[in-house]
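J.: Features from TrEMBL:
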type	residues	note
ACT_SITE	His176	active site, proton acceptor
BINDING	Gly11, Gly12, Gly13, Gly14, Asn15, Val16, Gly17, Asn96, Val119, Thr120, Asn121	NAD(+) binding site
DOMAIN	6-143	domain 'Lactate/malate dehydrogenase N-terminal'
DOMAIN	146-305	domain 'Lactate/malate dehydrogenase C-terminal'
TRANSMEM	16-36	transmembrane segment
Amino acid sequence: MNFTHRVSIIGGGGNVGAAVAFALVVMQLPVEILLLGASEKSARAQALDIRDAAHFSTAHCRAGTSEEVGCSDIIVITAGARQRPGEPRSNLIDRNYVILDSIIKKIQPIKPTAIILMVTNPVDVLTSLAQKLSGLPKSQVIGSGTFLDSGRLRNYLSRKLNVNSNSIHASMLGEHGDTQFVGWSVASIAGSPLLKHPLMANVDLAEIENAIAHQAYEIIEAKGSTYFGVGYHVAALIKCILTDGHKIYPVCNYNAKYDTYLSVPAILGSDGATPINLNLSDEEEVKLERCAESVNHSLGQVNEFAVHVNEE
Ligand SMILES: NC(=O)C1=CN([C@@H]2O[C@H](COP(=O)(O)OP(=O)(O)OC[C@H]3O[C@@H](n4cnc5c(N)ncnc54)[C@H](O)[C@@H]3O)[C@@H](O)[C@H]2O)C=CC1
Ligand SMILES: CC(=O)C(=O)O
């Protein structure tokens with residue numbers, strides 16, 4: 001069969017990688033999905049299992065080689081360590097930086113028009129590093145960012161307001177980490193500010209923000225990891241890129257004002273992410289600055305760590 005596009009998933013032997021592949025199969029995209037794992041055995045096993053479902057679909061799934069991955073249209077990276085119960089995402093940086101560095105070296109040469117879609121945590125910091133390590137233009141390297149958190153927020157609001165989540169425009173912003181916040185001032189429903197909705201009158205906004213930012217901790221505490229939610233969200237991003245959808249999604253993209261990668265809405269198409277202007281309130285702008293400081297602080301730690309590793 002001839003496929004229009006090739007999507008590779010590095011970390012495809014694990015839970016999140018497999019969930020992304022499965023969601024692509026369910027979405028019926030005409031794509032060839034290649035899985036690359038730390039060992040060929042795990043990626044091959046996941047590919048065989050997904051292939052058992054894929055015969056209902058227009059997508060095909062198999063294990064790939066690093067050369068094939070490098071010349072894919074979209075390179076999704078889910079490889080790496082995940083949080084233990086109670087552990088913040090930022091704790092994973094040293095372990096996952098080493099893995100990312102080895103992966104980017106292994107898949108060279110990377111197709112110049114490829115889009116790298118980072119999912120491994122801490123995703124905002126690693127997206128910035130993936131851009132530096134790969135040398136691809138900033139617009140072509142993005143992270144899933146707060147897209148998943150925003151889905152969680154819309155789900156919550158949907159239940160509260162009894163309105164389909166697709167009709168509610170509200171996003172978690174900043175970083176896919178503990179400093180993320182709700183962009184209440186730019187949230188809307190039926191063309192009106194969300195906070196003017198009668199059912200939003202007496203809600204505790206800080207409590208909602210905190211609950212959404214900590215939802216992953218709750219799931220990890222109970223079942224060890226999260227993967228279905230992120231799998232579908234990442235597949236939706238892939239669909240938007242492959243179809244040049246130009247949808248506006250809160251993804252991790254390069255922010256010129258803070259000279260770092262942050263999770264804020266951007267237009268997503270076949271050439272990657274195009275930033276848009278956000279009219280946040282002054283208070284939210286301060287929160288965004290705090291997220292930029294948090295991402296830059298982790299980047300500083302990585303640089304020190306990388307020097308240390310190189311000296312050993
Ligand atoms: N951005 C987001 O919204 C989310 C991110 N995550 C993150 O995704 C990552 C993966 O999580 P899970 O899939 O649950 O973990 P997992 O342990 O099930 O899978 C990770 C996989 O990465 C593989 N791996 C390690 N080094 C590799 C290398 N050099 N090359 C290829 N594969 C390699 C491992 O063999 C393993 O199969 C974690 O960092 C987790 O925190 C998880 C959920 C949501
Ligand atoms: C694990 C993680 O980052 C999440 O589910 O949000």
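Positions of Cβ are set from backbone N, Cα and C atoms, glycine also.
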J.: In sequence order, which residues at least six apart in the same chain have a CB under 8 Å from the CB of Gly13 (NAD(+) binding site)?
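T.: Spatial neighbours, sequence-distant, of Gly13 (NAD(+) binding site): Leu35, Gly37, Ala38, Ser39, Lys41, Ser42, Ala43, Ala45, Gln46.
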J.: In the domain 'Lactate/malate dehydrogenase N-terminal' (6-143), how many residues does DSSP call helix, how many strand, and how many coil?
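T.: So the domain 'Lactate/malate dehydrogenase N-terminal' (6-143) is made up of 65 helix, 26 strand, 47 coil.
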J.: Does anything in the same chain, at least 6 positions from Gly11 (NAD(+) binding site), have a Cβ under 8 Å from its Cβ, and if so what?
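T.: Result: Gly17, Leu36, Gly37, Val76, Ile77, Thr78, Ala79, Gly80, Val119, Thr120.
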J.: Return the average pLDDT for the domain 'Lactate/malate dehydrogenase N-terminal' (6-143) as a whole number.
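T.: Averaging the confidence scores along the domain 'Lactate/malate dehydrogenase N-terminal' (6-143) gives 97.
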J.: Pick from Asn15, Asn121: which of these binding-site residues has the biggest number of other Cβ atoms within 10 Å of its Cβ?
T.: Asn121
J.: Could you measure the widest C-alpha to C-alpha distance across Gly11, Gly12, Gly13, Gly14, Asn15, Val16, Gly17, Asn96, Val119, Thr120, Asn121, the residues recorded as binding NAD(+), and give it to a whole number of angstrom?
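T.: Per the listed residues, the maximum Cα distance equals 17 Å.
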J.: State the count of C-beta atoms found within 10 angstroms of the C-beta of Val119 (NAD(+) binding site), not counting that atom itself.
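T.: Counting Cβ neighbours of Val119 (NAD(+) binding site) within 10 Å gives 29.
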J.: Give me the Cα-Cα distance between Asn15 (NAD(+) binding site) and His176 (active site, proton acceptor), rounded to a whole Å.
T.: 19
J.: Measuring Cα to Cα, tell me the gap between Asn121 (NAD(+) binding site) and His176 (active site, proton acceptor) in whole angstrom.
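T.: Just about 8 Å between their Cα atoms.
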